[in-house]
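Report on one structure; see the data block that follows.
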Amino acid sequence: MEPVDPNREPWNHPGSQPKTACTNCYCKKCCYHCQVCFLQKGLGISYGRKKRRQRRSAPPGSKNHQDLIPEQPLFQTQRKPTGPEESKKEVESKAEPDRFD
């Protein structure tokens with residue numbers, strides 16, 4: 001191993017940079033080319049600027065989806081008042097004809 005020159009910056013030490021330039025190729029050899037290639041190509045990590053995706057605009061003939069919802073009255077439940085005695089009688093009358101003894 002070569003001795004480290006204290007007068008040089010760490011990124012200029014021998015062996016710190018590859019001899020060939022980075023490429024856009026994603027083959028195994030190019031993915032392990034250098035640490036930057038490994039992070040970007042091999043692991044898919046990039047710290048660069050992210051492109052913003054454009055939202056798809058609505059077709060010109062369509063309306064706003066909020067305009068289509070009409071105002072609706074509050075939902076009210078309507079129940080028949082039944083006592084516990086009536087429900088027992090209904091259950092007994094329904095259960096008797098179904099017996100297969």
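The backbone N, Cα and C atoms fix where each Cβ goes, and this holds for glycine too.
A quick note: this is a predicted structure, and the numbers were derived from the prediction, not measured.
Per Swiss-Prot, these features apply:
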REGION    1-48  region 'Transactivation'
REGION    1-24  region 'Interaction with human CREBBP'
SITE      Trp11  site 'Essential for Tat translocation through the endosomal membrane'
BINDING   Cys25, Cys27, Cys30  Zn(2+) 2 binding site
MOD_RES   Lys28  N6-acetyllysine
REGION    49-86  region 'Interaction with the host capping enzyme RNGTT'
MOD_RES   Lys50  N6-acetyllysine
MOD_RES   Lys51  N6-acetyllysine
MOD_RES   Arg52  asymmetric dimethylarginine
MOD_RES   Arg53  asymmetric dimethylarginine
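Features as recorded by Swiss-Prot, highlighted on the structure.
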residue : record                : DSSP class
Cys25   : Zn(2+) 2 binding site : coil
Cys30   : Zn(2+) 2 binding site : helix
Lys50   : N6-acetyllysine       : coil
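If you take the Cα of Lys50 (N6-acetyllysine) and the Cα of Cys30 (Zn(2+) 2 binding site), they are about 23 angstrom apart, rounded to a whole number. For the recorded Zn(2+) 2 site, residues Cys25, Cys27, Cys30 set the reference point as the centre of their Cβ atoms, and the other residues of that chain within 8 Å of it by Cβ are Thr23, Tyr26, Lys28, Lys29, Cys31, His33, Lys41.
Comparing the binding-site residues Cys25, Cys27, Cys30 by how many other C-beta atoms lie within 10 angstroms of each C-beta, the top residue is Cys30.
A separation of roughly 28 Å, to the nearest angstrom, links the Cα atoms of Cys27 (Zn(2+) 2 binding site) and Arg52 (asymmetric dimethylarginine). A separation of roughly 21 Å, to the nearest angstrom, links the Cα atoms of Lys51 (N6-acetyllysine) and Cys25 (Zn(2+) 2 binding site).
For Arg53 (asymmetric dimethylarginine), the nearest neighbour among the recorded positions Cys25, Lys28, Cys30, judged by Cα separation, is Cys25.
Mean model confidence of the region 'Interaction with human CREBBP' (1-24) amounts to 77 (pLDDT, 0 to 100 scale).
For Lys28 (N6-acetyllysine), no same-chain residue that is 6 or more apart in sequence has a Cβ closer than 8 Å to its Cβ. For Arg52 (asymmetric dimethylarginine), no same-chain residue 6+ apart in sequence has a C-beta under 8 angstroms from its C-beta.
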